[in-house]
Amino acid sequence: MPQDPMDFEWSYWIEWGREHILWLLVGHLLVSQVSRLLVEKYKPWCLMVYGMAACWLLLGIKGFAVILLHAAVSFAVAQFQLSLLTWLCSLILLSTLRIPAVEETKRKWYDTENEYYLLLFTVSVRCLFCTSFSLEYCWHRPTQKSSHSFPWMLAYVFYYPTFHNGPLLNFDEFSKQMRRQEAFSVKNNLSILIVGVIRIFFWWCLAELMIHLMYIHALYSSALPLESASYWALGGLALAQVLFFYVKYLVLYGVPALLLQMDGLKPPALPCCVSLMHSFTKMWRSFDVGLHRFLVRYIYVPMGGSQSSLLGMLFSTALTFAFVSYWHGGQSYLWYWGALNWLGVIVENGIKRILSISLIQDLI
């Protein structure tokens, strides 16, 4: 039975995974386990070299140079230890991905659109990693200087399991866990690997079943069936789409999360089932946990967050969603999506504040 071809993201990553990325991840796993067994002290540098080689192999020397240039510029600007300047640099680097002339130049480096898109997606994610390192550098204490060097930035930026599509792991978490030396047990790691592979295979089979039988995205691409459907049917289609999105990211984030565990790191929690969520706030906290931690640590809290006045909280939340919309591409529909999510979070927080008033609680 033919599959629904309209979900670009799933088709794209499965194709790349089968052809190249899955095999490179297996190579990372072998390098990681051998280095943990024989040279634990040098594990970050072994993985850094492997990540650079994998990047060069898949994106070519020009793609590798772009990512290295982004890291070098971010590190140079971070030397001023000014958070505002670091953010300005990050936004400028991110904006270069949307300059038509630059886009056309990068397209000419590759034979196919898929190769260009791989560079685009990879650089977008690397921008977040460069931002995380640079801001941590701005805030680091003198005693932490050794773990905030340029080699550590490269080890973080070129860490291969999270290289192309995430999940996002903030630099402070990465460096603490990567520098921690633990007793290595082949038996324990093998059991983690077997159980993890079985779970991911189950999720992948479920996603493939959904995309071969349900044709959710094909229905959404045509206005005629949507116009003739009842509200109950539309609600069912919406639920089916977000459930597929959830299962898809169990696979896309599950594979790198398993490798993080094998490397002795603690990955961000995998997405929580959307059927268990009833609020915008919980959705943002528990679906993409890595991105949520990034947004809270580097945007929401520095801008005042929930500890500031009502207007301050509204502003910091708006700024957070504005960045998310811009990072995802900045198209008009993404600004609407961000604005609606911001409105949902604000309404929920407003109702919580009203319900926390003692008089209201007594009435309830």
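From the backbone N, Cα and C atoms, a Cβ is placed for every residue, glycine too.
As given in TrEMBL:
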TRANSMEM  20-39  transmembrane segment
TRANSMEM  46-69  transmembrane segment
TRANSMEM  75-95  transmembrane segment
TRANSMEM  116-135  transmembrane segment
TRANSMEM  150-169  transmembrane segment
TRANSMEM  190-211  transmembrane segment
TRANSMEM  231-252  transmembrane segment
TRANSMEM  310-328  transmembrane segment
Do the transmembrane segment (20-39) and the transmembrane segment (231-252) come together with 3 or more C-beta pairs under 8 Å, pairs six or more apart in sequence? no
The recorded stretch from 116-135, 150-169, 231-252 sharing the largest number of CB pairs under 8 A with the transmembrane segment (310-328) is 116-135
By Cβ distance under 8 Å, which residues at least 6 away from the ends of the transmembrane segment (46-69) in the same chain are close to it? 20-21, 24, 27-28, 31-32, 35, 39, 106, 109-110, 115, 118-119, 122-123, 126, 151, 154-155, 157-160, 163, 263
